[in-house]
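I have a structure here, written as structure tokens, and I will follow up with some questions on it.
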Ligand SMILES: NC(=O)C1=CN([C@@H]2O[C@H](COP(=O)(O)OP(=O)(O)OC[C@H]3O[C@@H](n4cnc5c(N)ncnc54)[C@H](O)[C@@H]3O)[C@@H](O)[C@H]2O)C=CC1
Ligand SMILES: O=C(O)CCC(=O)C(=O)O
């Protein structure tokens with residue numbers, strides 16, 4: 001049996017209750033086959049695949065807090081520190097009722113390769129809690145964040161592990177957590193990214209994931225002799241990534257006709273009004289029905305199981321920016337029959353393995369989240385650099401570095417695909433290219449650092 005198959009089999013036995021982690025690990029290991037085959041003896045002896053798929057540590061803890069009725073609530077907190085071969089652990093904190101160890105592990109695993117692709121010195125980690133911020137008062141959010149950080153603060157630090165935002169964790173939550181860390185450790189340091197601009201945050205971090213997604217998509221289209229100008233896009237989600245993906249898409253001349261949240265979606269043939277979307281989602285924290293109520297060209301649809309939602313429209317590019325496994329095989333078939341040119345992932349693993357394969361085999365230009373959404377964490381690393389040198393760079397400086405990083409990521413993943421002859425549906429296999437390019441750097445560091 002090949003080394004890859006052996007390790008996949010062990011992983012399935014050991015992590016049977018973690019489907020998302022197994023999905024992420026299968027995608028990565030499958031696409032690394034040519035690299036592993038070329039170095040099988042060394043990698044087997046050094047147990048590289050066993051080591052890279054086993055987190056350095058998984059921290060799980062109780063998060064007690066008091067709600068507005070005086071009732072004590074208990075949530076579960078997680079931090080998975082996966083791999084620090086190339087830098088301190090780095091990755092966001094997800095606050096969502098669906099959070100469990102397997103989800104945090106899949107996200108932390110993906111972060112190893114994504115962070116390596118940024119070209120910056122950051123390792124992979126992820127954390128979060130099954131706490132649901134929806135409908136909570138500011139005081140309840142603060143109580144939860146303070147309790148969460150009271151425990152987490154024992155395991156993180158500016159050179160150890162630097163968390164940031166993710167689903168459910170935005171500027172407000174990062175503020176409450178930073179305040180509590182400072183209070184407990186008696187120290188002001190760059191322990192979190194996504195901070196406010198008056199206390200160590202970086203300009204352009206808010207925009208970075210969405211903008212970066214479009215910089216990479218633009219590089220992809222240009223490399224294939226195409227222009228985004230005048231094209232139409234479907235976006236899912238209406239959070240941080242989706243909002244700034246829509247904003248940058250529009251700046252590049254793309255009309256975005258959809259967005260969504262967990263209860264439904266908007267179709268707006270005139271194009272999404274980003275200012276209105278920001279007002280509804282960032283200021284009022286309201287549902288998308290408010291967007292539809294304020295704009296006559298927009299229609300709101302309640303989500304029902306088995307419907308294609310935002311993926312049913314005839315568009316040139318699809319930008320999934322909500323959550324994992326939100327674009328399945330049936331959605332992929334719909335997109336292909338409507339002639340979509342590219343799917344580039346703003347969210348982490350939004351496309352199922354079957355859907356990815358179908359899109360690629362049918363000639364769609366497909367770039368997975370590890371490469372396409374790396375602009376967020378890359379800009380977090382730029383925030384860490386600014387914190388270390390006690391300086392703040394201008395918006396233009398950070399944005400131009402972000403654009404350069406996304407163009408380099410695209411060049412590196414295409415190069416890796418070409419070096420290993422990885423093609424699918426007549427295109428370079430960018431999924432394999434991203435996994436290979438991310439892996440090469442981490443494995444090199446792991447081999448140099450001995451058995452650890
Ligand atoms: N914020 C960041 O810098 C980065 C975020 N990501 C990924 O992008 C995705 C979106 O994250 P953010 O925009 O930061 O979060 P957010 O909390 O700002 O927005 C999340 C969006 O997804 C929707 N959503 C959440 N769960 C859903 C579900 N089960 N079904 C349908 N919709 C759902 C929410 O309604 C919201 O519109 C996630 O996969 C996240 O891991 C990836 C890289 C960086
Ligand atoms: O900025 C960061 O450190 C975290 C970003 C993140 O969680 C992600 O890339 O999925």
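Along the chain as shown, residues are numbered 1 onward.
Even glycines carry a Cβ here, placed using N, Cα and C.
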Report the candidate from 90, 134, 182, 401 that shares the substrate site with 111, 114, 165, 380, as recorded in TrEMBL.
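Checking 90, 134, 182, 401 against TrEMBL: the substrate site match is 90.
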Any of the binding-site residues 111, 240, 380 with a C-beta atom under 6 A from ligand 1? Give them in order, or none.
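240, by Cβ distance under 6 Å.
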Should we count any of the recorded positions 165, 166, 209, 240, 380 as near ligand 2, judged by a CB under 6 A from one of its atoms, and which?
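Cβ < 6 Å from ligand 2, in sequence order: 166, 380.
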Given the recorded positions 111, 166, 380, state which is nearest to residue 240 (NAD(+) binding site) when distance is taken between Cα atoms.
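Checked the recorded positions 111, 166, 380; minimum Cα distance to residue 240 (NAD(+) binding site) goes to 166.
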What is the separation, in Å, between the Cα atoms of residue 126 (active site, proton donor) and residue 380 (substrate binding site)?
14
Please list, in sequence order, every residue of the chain apart from 90, 111, 114, 165, 380 whose Cβ lies within 8 Å of the Cβ centroid of the substrate site.
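Going along the sequence, the neighbours come out as 91, 92, 115, 122, 126, 164, 193, 376, 377.
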